[in-house]
Amino acid sequence: MLRNTSRVLMSHFARANIPTPVNQPMLNYEVGSTHRKLLKEACAKFRNTTIDIPCVVGGKEIRTGDVQKQLICSDHNKVLATFHQANAELLKLAVENSMESKAQWESLPFEARSAVFLKAADLLNTKYRYDVLASTMLGQGKTVWQAEIDAAAEGIDFLRFNVKYAQEIYQQQPPANSAGCWNILTYQPLEGYVVAISPFNFTAIGLNLSSAPALMGNVVLWKPASTAVLSNWIVYKALLEAGLPAGVIQFLPGSGRLVGEHLFNNRNFSGLHFTGSTGVFNDIYKKTADNLVAGVYKGYPRIVGETGGKDFHFLHNSGDVENFVNNTLRGAFEYQGQKCSACSRAYIPQSLWPQIKDRLVTGVKSMKMGQSDDFSSFVSAVIDKNSFNNIQSYIEHAKASPDAEIIVGGKCDSSVGWFVEPTIILAKDPHYKSMEEEIFGPVLTIYVYEDSKFEETLKICDETSPYALTGSIFSTCRYAIETAHKYLKNAAGNFYINDKCTGAVVGQQPFGGSRASGTNDKAGSSLNLLRWISARTIKENFVPLTSFTYPYMIDPEN
């Protein structure tokens, strides 16, 4: 017993030297390379095989018989995978098993937990690399480079850097001790279980949402997006092969409604790690608040969410035109604008607009749109029919509106896949519909402002959208940059200067926004991990108290 207690305390202090994390180098998959050959083979394998994916509870694969399909979004007549949806009975079992598994997992020393995730990182970089890339490309519509920076590089970075951040947290101790006492901070996981709900657009996010709380000693129930089940299943298998014990992370594809009914109404619900739409997050937030008022929970659940965005590029008339154009083409249209950080509105000074317009139009027309596993494609299809219909509705609105003009793109074709051309809308009104509302597709709306109204337009940029995720200022004038800082300090949780508003790197740019974009708990940093632990202060006194009285009470005259 004493030895076990010693090991637990060791985990709180995290004295072991961990491997120093560095950002995972990205491969280019150039013609003739072995990497390109192996990735193409993996894509061909998944195109010609339908994978059947179970739920996993307590380490056991469970097939409920309620089967749904994940399609290849750029070729939607082809089924990439089938998956079994968790039902009410299974969700109840998952909660019970999680709570049964909790004590043993959280008692493992930090080094032992870390070893699981560090090994998983190496497995994703070797054995599982091409499978997770190919499944992300076909299932989620990512071209090879977009899959590489997500499913390989970012996913691996999350696993490695989170271990470093966790160690730094555990090493934080009170800086002072009064004479005769010792002060200790210990860090323990939350009292119940954590629910992870992940989106379709980043395989790495699904991995981080589930693994970050688990690294800190929590048990997790993970609901992956139905349009990203295959890639998420592959990273889950890597975690299991790395030694993740049964019951630590339960894998539960299925209905968001059922998850809400059964996982958020339980006394042991202690945290939510979420990435998805603002509307869904608001619904969950309200549900948990209502349950809290009703006395359902033991304590206050930790609610962590990264949601929508209406991200911007703002060009000052001193800005480098070529740099702005190239960063905007990438920021707006890579991955079909389906990054929560994607540039979807831009503000351009009138004096620079003619040359920028020509370059943007030329750039968009040169983009090849095709199958995601065609290595010459720059963009591919959007994720599903609902997304296609939503994006198309904004394009049709612009075509019919006297306040907007489509200057390039605008075609939509769902005959083979959910293809939407990269589209640029010129808005006469800075509050035009597509300047304000999140679209989540390859649609960029531009407002051209008078050069003399720079500050006025910055104010409009700040007040236009309810979101505050990412944004960029392009300028070579330091005064203009500082002015933008002043006006936009609350408009973007990740703010870029002369760079695109996408592409945050783990360990370099912690990611998250505020307002309607989420709780700004900064994935890829220790700030996020702090949400998954509860700190406990311990004071030990070494000097016995010999009297309860104080010196002021002693009167020598009495």
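Keep in mind that glycine also has a Cβ here, set from the backbone N, Cα and C atoms.
Gly279 (NAD(+) binding site) is surrounded by 11 other CB atoms, counting those within 10 A of its CB over all protein chains shown. If you look up Swiss-Prot, you'll see Ser198, Lys223, Gly276, Ser277, Thr278, Gly279, Val280, Glu438 marked as NAD(+) binding site, on the strength of similarity to another entry.
In this structure, Asn201 (site 'Transition state stabilizer') belongs to neither helix nor strand by DSSP; it is coil. Counted within 10 Å of its Cβ, the other Cβ atoms near Asn201 (site 'Transition state stabilizer') come to 26, all protein chains included. If you look up Swiss-Prot, you'll see Asn201 marked as site 'Transition state stabilizer', on the strength of similarity to another entry.
In three-state terms derived from DSSP, Glu306 (active site, proton acceptor) belongs to an extended strand segment. Listed in sequence order, the residues of the same chain lying 6 or more apart from Glu306 (active site, proton acceptor) and placing their CB within less than 8 Å of its CB are Phe274, Thr275, Cys340, Leu469, Phe511, Gly512, Gly513, Ser517, Gly518, Thr519, Asp521, Ala523. If you look up Swiss-Prot, you'll see Glu306 marked as active site, proton acceptor, on the strength of sequence analysis.
Residues or ranges marked as active site, nucleophile in Swiss-Prot (evidence: sequence analysis): Cys340. Here the Cβ of Cys340 (active site, nucleophile) has 27 other Cβ atoms within 10 Å, regardless of which shown protein chain they belong to. Under the DSSP three-state reduction, Cys340 (active site, nucleophile) is assigned to coil, being neither helix nor strand.
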Largest tally of Cβ atoms lying within 10 Å of a Cβ, found at which of the binding-site residues Ser198, Ser277, Thr278: Ser198
Three-state secondary structure, Lys223 (NAD(+) binding site) (per DSSP): strand
Number of other Cβ atoms within 10 Å of the Cβ of Glu438 (NAD(+) binding site) across all protein chains: 23
Chain-internal residues, separated by at least six, CB under 8 A from Val280 (NAD(+) binding site): Gly256, Phe274
Rounded Cα-Cα span from Asn201 (site 'Transition state stabilizer') to Ser277 (NAD(+) binding site), Å: 12
Helix, strand or coil at Ser277 (NAD(+) binding site) [DSSP, three-state]: coil
Distant-in-sequence Cβ neighbours of Gly276 (NAD(+) binding site), under 8 Å, six or more positions away: Ile197, Ser198, Pro199, Ala225, Gly305, Thr307
Lys223 (NAD(+) binding site) CB neighbourhood, other CB atoms within 10 A: 27
